[in-house]
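Going by TrEMBL, these are the annotated features:
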type	residues	note
DOMAIN	47-447	domain 'Amino acid transporter transmembrane'
TRANSMEM	71-95	transmembrane segment
TRANSMEM	141-165	transmembrane segment
TRANSMEM	177-194	transmembrane segment
TRANSMEM	201-225	transmembrane segment
TRANSMEM	245-263	transmembrane segment
TRANSMEM	284-303	transmembrane segment
TRANSMEM	323-344	transmembrane segment
TRANSMEM	365-382	transmembrane segment
TRANSMEM	388-408	transmembrane segment
TRANSMEM	429-451	transmembrane segment
Amino acid sequence: MSLKDTKEKSTSVFTITDFHSRTNLTEKGKLSDEYDPFAHRDQETGTSTSGALAHLLKSSLGTGILAMPMAFLNAGLVFGMIGTLVVGFLCTYCVHMLVKTSQDMCRELRVPALGFAETAEKVFEHGPIGLRKYSKFTRQFVDGSLMATYYAAACVYIVFIATSFRDVINCDLDINWHVRIYIALTLIPCLFIGQIRELKWLVPFSAMANVFIIVTFAITLYYMFNEPLVFEDKPYIAKATQLPLFFATVIFAMEGIGVVMPVENSMKKPQHFLGCPGVLNTSMLTVVTLYAIIGFFGYIRFGSEVRGSITLNLPYGAPLADAAKLLMALAILFTYGLQFYIPNDILWSKIKHKFDPKNHNISQILLRTGIILISGGVAAAIPNLEPFISLVGAVFFSLLGIFVPSLTETVHLWPNNLGFCKWKLIKNIILCILSILALITGAAVSIIEIINMNNDLPEASAQCKAV
């Protein structure tokens, strides 16, 4: 197809499926100037700017913020604060790269919106000739990584819920049930919530989860500041062997790369997503500030005893503390449906053609049930929350949050738009190297922690304190 033919079709309505050719779009400006993807978005039912901001904030303020004191334990006070700000900037910048690349591809391809995996695919498909054959693989890799990320995070959710209930029930009833028993019990409600296939039915659960999270934060802040804070015994910087755990935990806590493109694509005014202040910058500034505060003061308050979620450090047997633990466990349980919906929707879209349409319902039920049971098995095999969080952050979020955006921008800008002395190429190579280092070192240290750590945390009955 020639450039002339392309211009003659400029008045047609294009869809994603129209772009399976190997058209060379090197003269990007000539095509992109004539098409505004934002004008073709849904202006009536799209998400408002404030709604998009709320979605991004909610996707980041979950179990991650509660794990920040543990991150500071593996970093030290000064290094933890600086490192949190640096990782926050890095995550924000990588998201900016991804969204900017996606918007540029929308203009070139004359389509309103592209998802994460679609962006990666189209960048390679219309990139350097030698890389075009990898376009399908790139899409499959991103989709597979997204599924693995959310399924792994769902395992973390199960461990968190089970541990919270274990701590409260074992203490209050003076019993000694193993955390794996609570993991098995947690699977029962998860099996039901995981069968919900429509997002609208998850809205009530999400609303209740938001209320529970707010109440839990309030109670947690009360316990953080109800006694004098001791700074003297906290190191400014932790041992070098602990630093990979810090970076892996912070990346896990901050990265919401999977929800970025759906939120941007659904906005009435997507031009408000980037820029200053912009939805992205506002949400990430808020998130980084809250994470730094909770991590810093949470570590000062609980010191070396801090656990994978700061709620697990609240006093045993105290009614207010028990309420916070149970409410947070319920909030995460109610969020499980959304966490499970995203990867399952991707998976089902890829395999549903293999099943008879008459059997789609029973096939989905069996598929969802099987995945939830497998998730429970993984959670039972690794019932330690702290290294599990670090492992997920190191392996999955470093790839999706840093490596893929850097690679897609490089391919998209190759070879003539990489800036003065190709500084963007150098910058992206450094980011890719950092992501691989974070993956290798973070995963290695986390796996060693999992192997060495006793599967049984101190029994809740033995930790109960008179209040």
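Using N, Cα and C of the backbone, Cβ positions are placed for all residues, glycine too.
Curation does not apply to TrEMBL; its annotations are automatic.
Pairs of Cβ atoms less than 8 Å apart link the transmembrane segment (245-263) most often to 388-408, out of 71-95, 141-165, 177-194, 388-408.
Here the transmembrane segment (201-225) has Cβ contacts under 8 Å with residues 58, 61-62, 66, 193, 297-298, 301, 310-311, 314-315, 320-321, 323-324, 327-328, 330-332, 334-335, 337-338, 341 of the same chain, all six or more residues outside its ends. Of the candidate ranges 141-165, 177-194, 323-344, 429-451, 177-194 has the most C-beta pairs within less than 8 angstroms of the transmembrane segment (365-382). Using the rule of three or more Cβ pairs under 8 Å, pairs at least 6 apart in sequence, the transmembrane segment (71-95) is not in contact with the transmembrane segment (323-344).
The stretch from 177-194, 284-303, 388-408, 429-451 with the most CB pairs below 8 A to the transmembrane segment (141-165) is 388-408.
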